[in-house]
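A short worksheet on the structure shown next.
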Amino acid sequence: MRLLLFSLLFTGQLVYSQNDVSKLIDSLTMKLQDKDKARISLKIADELKDSNWKRALHYIEHSESLVKNIDSDEITAENNIKIAEIYNKKDAFDIALTYFLKAYEYYQQDNLKEKKYHLENSLAIIYARLNNKDKAMHYFNHLLKYHTQQKKPVYIAKTHNNIGTLYMSGGILDSAMIHFKKSLQLAQNLQDDELKMILYNNLGLCYSRRNNFKVAKSYFDKSIVIADKKSDNKTKAWIYNSVSKLYLLKKQADSALFYSQKAADLLKDAKYSFENKNAVVNIYKSYLLKGDHRKAADYFEAYDEIRDSLNIEGKAMNVEKLKLEQQYKENEEVRILKESKENSKYYLIGFGFIIVMLILFILVLRYKNKLANAQLEKDLFESKKKELDANLELKNKELVTHSMMEIQRAEIMEQILHDLKQLKLQSPKKETQQTIDLIIKQLGENKANSVWEEFELHYGHVYESFYNILNEKHPELTYRDKRLCALLKLNLTTKEISQITGQSIKSLENARTRLRKKLQLTNTNLDLVTYLVNLN
């Protein structure tokens, strides 16, 4: 689903380098107003959201406490919007929605209509991502009415496209096409080729689903003309995949293969992406339609690999989202509890000495209970830690076993290829030599070339903390350096590492020497493997 976003008037750019982050943190110690410190805190949080979420959350909470001291509804609303956008970038849509709605309460005022409707666009996008189409449609229709009154053709056209996209995702093609055509009519008078390109493609998709292939192709052709001139590779691939699906429906395998292959070529740097998955599955279906079952099987295997990778990433993202939501709930409970305590103080001041003593007594009991609960949590943590350590040791053994099996498989394949080449040299018949060449070629194509990728996937699950500590202590290490560190930590020989990475033994020896220098071990007697094994 491609929804067009509008620029928010009150949202600044929150992109900074690490050096800028350090400067921003230092600036918090300066004599600034609380609203400026709150703004800086959120800039820091936005920069740290991917690398150190715990610290990012600290600065989010710090901004909220600063804004609370200001006691300004306007500043609080703006702060909530920026917090919502940070959570939105983390795909924690439920939490983002909560903060957007808090800000929306303030922007309901008549003199803030412009900002209110920009915020409604964000709400519509969030609801669409949460698959709440009714709510998303409510806000999009509200926006459409407002932009029509204000006579803003750009926003009207984009809102029509968004509404059409919602209808299309629900299979309501007639309504979708009505809105797409209204948007296209407005777009013809606008200098917005990207909007036209998306609309042509969306209309092509609608007509394809209605089996009106002639009209669908005419729209796709217009979309391709614009995409080839101005669009990025990902957008071009999206359009080529749409055209490929059209030809698959028409049972025209060669044309379907042509466009799906173009899409895949554009996505070589984004192999494990949803758009590339669509391209590969279209190639698979094209070869299947052509009757080339061998190539169809090859691409189905590639599709299966991409799908498995995306499933793993999806599960990891879901876990991260659950953590964020749980963390938010816990912080919200703590915040409510703190506010409750602060409010209670004002009611307790008038009571006498006896009431004060009673409260102190209750607080002592609560404190003891908290200590008891803390001890229980500590014991539970230790128990879980022991269990995790045992699982880590088991996974480590599995990882080493898997690596050895991959190495053995690679050696066997190399030996087979070598024997075949020797057999070819000894064979007097040309037909026999050609047959052997064909076998060598097929074996070469099917030769496992993803040993390292599979190894790194398993290794990342087992030794995630090792990578984190290595990056923290030696941030200057390159990708190849960190890869060599990972293999050395498993105490693999140079020959075994050569089998996994495909490097020569000589180049690996040179790489080890350079790595010792980068780890500052050159002038020490400390063994490189020993240093990496103990890096915990």
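Cβ from N, Cα, C; glycine included.
TrEMBL: automatically predicted annotations, no manual curation.
Your range for coiled coil, going by TrEMBL and the list 294-328, 364-398, 399-433, is 364-398. In the repeat 'TPR' (157-190), helix, strand and coil residues by DSSP number 28 helix, 0 strand, 6 coil. Across the range of the repeat 'TPR' (197-230), the DSSP-based residue counts are 31 helix, 0 strand, 3 coil.
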